[in-house]
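Quick look at what TrEMBL annotates:
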type	residues	note
BINDING	107, 111, 296	Fe cation binding site
BINDING	129, 130, 131, 132, 133, 162, 175, 179, 268	substrate binding site
DOMAIN	24-301	domain 'Gcp-like'
Ligand code: ATP
Ligand code: FE
């Protein structure tokens with residue numbers, strides 16, 4: 001079995017995955033969302049302290065499996081340095097004390113593997129990764145064959161939901177709040193620009209929509225509930241239209257047989273619906289992870305680590321480093 005640890009942002013999580021069957025045996029997660037909500041976003045120092053308190057609690061729960069381990073895996077990039085370090089320190093200690101191989105895991109690769117926790121792995125697959133820090137279209141052919149086809153030039157998709165929610169004083173994280181509010185609003189009420197609409201560039205940009213929302217928010221003070229819902233609906237419609245427009249270009253070119261959406265924002269039902277329709281149009285199979293595995297978790301890290309274990313992607317406990325940003329997935 002492999003013990004996996006996730007602490008790249010504001011979720012502390014530990015999982016146990018069986019190597020031979022790739023099956024998830026144990027999975028626990030403590031989310032810090034409520035603690036950070038007071039500040040309208042993640043406070044790295046607080047997140048780090050909470051990981052230091054919560055990870056040992058989760059490890060204690062995993063105690064029955066600790067004598068059956070063949071390796072320890074940990075997210076070491078990308079993420080917040082001070083929170084990644086908490087998971088890495090625990091993994092180093094376990095690796096040294098129990099003489100186990102250590103597997104460093106890229107968090108974005110782990111998001112891709114969230115698809116394969118309960119299903120057989122499928123390659124090649126075109127993947128849209130939408131999360132708090134990233135907006136990417138990836139051509140995934142295997143563990144070590146991941147090509148970035150498009151990425152964001154500024155804010156990420158999830159981040160734009162967080163910022164829009166903050167502007168309207170709705171709380172954190174903004175994604176689920178804005179999605180829910182949008183259901184009650186009129187998406188035609190405010191016209192929002194669709195970024196890079198006339199550009200051939202295969203890239204995303206969310207700062208323009210965010211600024212358009214800021215102007216509408218400022219022009220409609222004080223915001224009543226109906227206006228907030230209309231802003232949420234208008235924003236979400238433009239944000240998804242942008243994802244769709246650029247993805248459609250890639251679909252036309254690559255004609256993928258398999259497509260997936262991963263990352264925290266892949267929980268958004270309007271996104272799921274829009275891409276289900278796009279896949280129907282292109283006669284492509286759509287793959288979506290269980291909602292429980294969209295946001296950060298150690299189950300996806302463990303599933304990713306099984307493939308890494310088979311490829312012997314080990315590192316010495318004294319050599320592992322954390323990287324806040326990564327170019328290669
Ligand atoms: P990264 O994975 O890029 O390092 P992260 O780990 O912080 O970033 P995730 O936990 O994967 O991000 O996703 C969290 C993000 O997803 C937040 O920005 C949140 O607002 C967004 N999100 C969650 N649910 C939804 C939703 N229903 N609609 C839109 N966005 C959502
Ligand atoms: Fe994430």
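Cβ from N, Cα, C; glycine included.
For the binding-site residues given as 107, 111, the lowest number of other CB atoms within 10 Å of the residue's CB is seen at 107. Rounded to a whole number, the distance between the Cα atoms of residue 111 (Fe cation binding site) and residue 133 (substrate binding site) is 12 Å. With respect to ligand 2, the binding-site residues 129, 133, 175, 268, 296 contribute 296 as residues with a C-beta closer than 6 angstroms to one of its atoms, given in sequence order.
Listed binding-site residues near residue 129 (substrate binding site): 111 (candidates 107, 111, 296; Cα-Cα distance within 10 Å). Within 10 Å of its Cβ, the residue among the binding-site residues 133, 175 with the fewest other Cβ atoms is 133. In the structure as shown, the Cβ atom of residue 129 (substrate binding site) sits within 10 Å of 27 other Cβ atoms. Those residues noted as binding substrate (129, 130, 131, 132, 133, 162, 175, 179, 268) have their most widely separated CA atoms at a distance of 18 Å. Annotation for residue 296 (Fe cation binding site): same-chain Cβ neighbours under 8 Å, separated by at least 6 residues, are 6, 8, 9, 10, 11, 13, 107, 264. Geometry remark: residue 131 (substrate binding site) versus residue 111 (Fe cation binding site), CA distance 9 Å.
Cα of residue 268 (substrate binding site) to Cα of residue 111 (Fe cation binding site): a span of 15 Å. Other residues of the same chain near the Fe cation site, with their Cβ within 8 Å of the Cβ centroid of 107, 111, 296, are 6, 8, 9, 75, 79, 108, 110, 114, 131, 263, 264, 297, 300, 301. For the domain 'Gcp-like' (24-301), the model's average pLDDT works out to 97.
Cβ neighbour count for residue 268 (substrate binding site) (all protein chains, 10 Å cutoff from its Cβ): 24.
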